[in-house]
Amino acid sequence: MRLILLGAPGAGKGTQAQFICEKFAIPQISTGDMLRAAVKARTELGVAAKKIMDAGGLVSDDIIIGLVKDRLTQPDCSKGYLFDGFPRTIPQAQVMKDAGVPIDYVLEIDVPFDAIIDRMGGRRVHLASGRTYHIKFNPPKVEGKDDITGDPLIQRDDDKEETVRKRLQVYDDQTRPLVEYYSSWAAQANPADKVKAPTYRKVSGTSSVEDITASIFAALK
């Protein structure tokens with residue numbers, strides 16, 4: 001099972017990625033983790049990436065794909081792998097395709113933006129303990145107070161509506177077009193392609209965690 005997981009920030013990808021990886025006994029591939037490991041191990045690609053990052057630049061797609069190809073040779077990828085957060089853009093998807101990285105499924109968890117803003121904007125946190133509440137779905141016993149200590153709860157900057165809207169706009173501009181990219185590739189599959197076009201599946205991410213998981217497993221049969 002080799003798949004790419006798509007979905008806007010706050011769509012619940014992280015939760016579902018864990019369930020998918022457990023069911024199919026595959027690793028979750030994170031480009032951030034790969035970069036940190038390569039830099040720490042001082043591999044050729046890691047050294048090249050560190051130079052760029054130290055200069056404040058963005059690591060090129062070619063370096064990322066090099067890291068991906070190295071990662072996929074590891075034994076834990078023998079049954080497949082899950083990409084979450086990569087590719088983010090059509091150029092990255094094209095580089096993956098050109099490099100011959102095989103993908104069986106592209107799975108999108110679809111949640112309307114208004115629901116995501118509601119979901120993320122309602123989060124409140126007790127910083128000292130990490131306890132998390134939601135003003136609508138999991139409210140504290142006393143409004144604005146931690147249940148255990150009575151300390152005030154805060155809203156993280158990342159959860160403020162303005163920040164959430166900006167992140168969703170970036171997703172809409174850069175990543176959502178991947179849905180069309182993969183759908184078109186499947187529809188116009190070319191025998192000359194290095195790798196077979198993946199199957200695109202979309203599931204709704206607005207029901208319970210258990211129902212979403214069941215929908216995902218049904219879609220990946």
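The backbone N, Cα and C atoms fix where each Cβ goes, glycine too.
Predicted, not measured: the structure shown is a model, and the values here were computed from it.
Among the candidates Arg2, Arg123, Arg201, the one that Swiss-Prot lists alongside Gly10, Ala11, Gly12, Lys13, Gly14, Thr15, Thr132, Tyr133, Ser207 as binding ATP is Arg123. Looking at the stretches 30-59, 90-119, the one that Swiss-Prot records under the feature region 'NMP' is 30-59.
Annotation: Gly10 carries the greatest number of neighbouring Cβ atoms among the binding-site residues Gly10, Gly12, Gly14, Gly57 [cut-off 10 Å, Cβ to Cβ]. For the region 'NMP' (30-59), residue counts in helix, strand and coil come to 22 helix, 0 strand, 8 coil, using DSSP. Spacing of Gly10 (ATP binding site) relative to Gly57 (AMP binding site) is 27 Å (Cα to Cα, whole number).
In terms of local Cβ density within 10 Å, Arg123 ranks first among the binding-site residues Arg88, Arg123, Arg156. In the three-state DSSP assignment, the secondary structure recorded for Gly10 (ATP binding site) is coil. The Cβ of Phe86 (AMP binding site) lies under 8 Å from the Cβ of Ile4, Ile29, Ser30, Thr31, Ile64, Val68, Gln92, each on the same chain and at least six residues away in sequence.
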